[in-house]
Amino acid sequence: MIEILPIFTNSPLRNYSYLVYSNRTGEAYCIDPFDAKEILNLSQKLGVKIKGILNTHEHGDHTQGNLELKEETKAIVYGHKDAKHKIPGMDQILNEGDIVFTSEEESLTVWDTPGHTFSHLSFVRKNPKSILGIFSGDTLFNVGVGNCFRGGDPNVLYETITSRFESLPDSCLLYPGHDYWDNNLKFAEHIDPENSYRKEYKSTLKPFQISKMEDEKKLNPFFRRNTTSVKDSLIKLNEKFLDDRSVFLTLRKLRDKW
Ligand SMILES: [Fe+2]
């Protein structure tokens, strides 16, 4: 099976890097390296060899460890075809459906997930029966979605969230590009005040919790955009919306100003 080590970087950006690896073969891949030294130390402790660096997208906080990690490990750097000249050290393109890595019955497969930027990939851990987890970069966060003001488009993000992320199975684990639990929960309290599940969930929340899609569907205001709790808040704020898409876009706009 594919093992996962989340690596939280104690910077104001609250980035996550991830090591995904096989204990059987010792083969490892690093998603969005931030602190190359820490990642190298951890890979040595695990006894695995980093063969590839996988960038979800081109923003510097997701690629800043690329060159140092590549130099030390001779790993291949992968990214979206349209980010070729923006990702430091990028060697190879990944396209929708590519399989990056397999371990026994499990694989790490590429999804093309534009919106936060136009060259954004997500990585899906799956077995033949189900999707087990998703590395969502800056597309989907705990209790929120990515912003679109550094090269993205909220309309495209809406398409990606609704066509791909909303249909993920309840048991799928979410591995986002940043730990934004605190701020996103505060925004949720503001915009979705009547959500009793959130109160219950918060009482069990641990630092750096990895959530399931089942929880995200019940916590994330962008998934709960058609509830009366969210819609009544928008009406109270004098926000106008016509359809599902415009509720999503209104939430994104309000979160930008939060
Ligand atoms: Fe980003």
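Each Cβ is built from the backbone N, Cα and C atoms, and glycine gets one as well.
Record features (TrEMBL):
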- 14-178: domain 'Metallo-beta-lactamase' (DOMAIN)
- His57, His59, His116, Asp138: Zn(2+) 1 binding site (BINDING)
- Asp61, His62, Asp138, His178: Zn(2+) 2 binding site (BINDING)
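Between the C-alpha atoms of His178 (Zn(2+) 2 binding site) and His57 (Zn(2+) 1 binding site), the distance comes to 13 Å. Within 8 Å of the centroid of the Cβ atoms of Asp61, His62, Asp138, His178, where the record puts Zn(2+) 2, the same chain has further Cβ atoms from Leu13, Asn15, Tyr16, Asp32, Thr56, His57, His59, Gly137, Gly177.
Between the alpha carbons (Cα) of His62 (Zn(2+) 2 binding site) and His116 (Zn(2+) 1 binding site) lies a span of roughly 13 Å. In this structure, His59, Asp138 are the binding-site residues from His59, Asp138, His178 whose C-beta falls under 6 Å of some atom of ligand 1. Each of Thr56, Glu58, His62, Thr117, His120, Gly137, Thr139, Gly146, Arg150, Gly151, Gly152, Gly177 belongs to the same chain as His57, His59, His116, Asp138, is absent from that list, and has a C-beta within 8 angstroms of the C-beta centroid marking the Zn(2+) 1 site.
Note: Asp138 (Zn(2+) 1 binding site) has non-local neighbours Thr56, His57, His59, His62, His116, Thr117, His120, Gly146, Asn147, Pro176, Gly177, His178, i.e. same-chain residues 6+ apart with C-beta under 8 A of its own C-beta.
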